[in-house]
Amino acid sequence: MCVYVCGPQGSVCAQPCQFGTYGINCSQECPCQNRGLCDHISGQCQCTAGYSGERCQEECPVGSYGPQCAHKCDCQNRARCYHVNGACLCDEGFKGPSCQDRFCPSGLYGLICDKYCPCNASNTLSCHPLSGECACVAGWAGLFCNETCPSGYYGEGCKEACVCANGADCEGITGACICAPGYMVSRWCRTSHHTV
């Protein structure tokens, strides 16, 4: 913006503010971060892909990317998604655009795929292609997915805590409550059952 008198005797006000400035006589510094573009009149920021916030100060939340963080990431096998363009950063042992492919054939692992996975096959979701670490199906835990969930836990790898009441335990796969004596099966075994 220009404060001079326009016309043949003064400035013609034809030049917008230089990059990084805005406002009256271009006297204010733009607040935009991460290469966000600043409106030369208002100073309002237009964020580049991968950033959001009033001053473009925040990376897109985990699981999203792109302009205005409007796109959903499609990465698999615990891969991280690059917040700018959605590229998947694969965990070691995986490859492909979405990190969907293992380096080793199923059942094998190691740097040259020469080791057999030690996991109990029927209780295992996957065997990590580099480390051989077992990921267990719901209801199973342990290094080799050969142990049932301990009391009070359920789900994949037995990582979910049961929410049952009054001394009830829960089923290892779904978390359904198994009521203690004296309580009826309700959602969390909270209903007392007395007989006379």
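For all residues, glycine too, the Cβ spot is worked out from N, Cα and C.
Quick caveat, the model's predicted, so the values are computed rather than measured.
Under the heading domain 'EGF-like', TrEMBL lists 22-57 (among others). The residues of the domain 'EGF-like' (22-57), classed with DSSP into helix (H, G, I), strand (E, B) and coil, number 3 helix, 9 strand, 24 coil.
Marked as disulfide bond by TrEMBL: Cys47-Cys56 (among others). A 10 Å cutoff on Cβ-Cβ distances gives Cys47 (disulfide bond) a total of 23 other Cβ atoms nearby, all chains included.
Counting residue by residue with DSSP, the domain 'EGF-like' (65-100) contains 3 helix, 9 strand, 24 coil. The domain 'EGF-like' annotation in TrEMBL covers 65-100 (among others).
Annotation source TrEMBL lists disulfide bond at Cys90-Cys99 (among others). Around the Cβ of Cys90 (disulfide bond), the same chain contributes Asn77, Ala79, Gly96, Cys99, each under 8 angstroms and 6 or more positions distant in sequence.
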Cys56 (disulfide bond), number of other Cβ atoms within 10 Å: 21
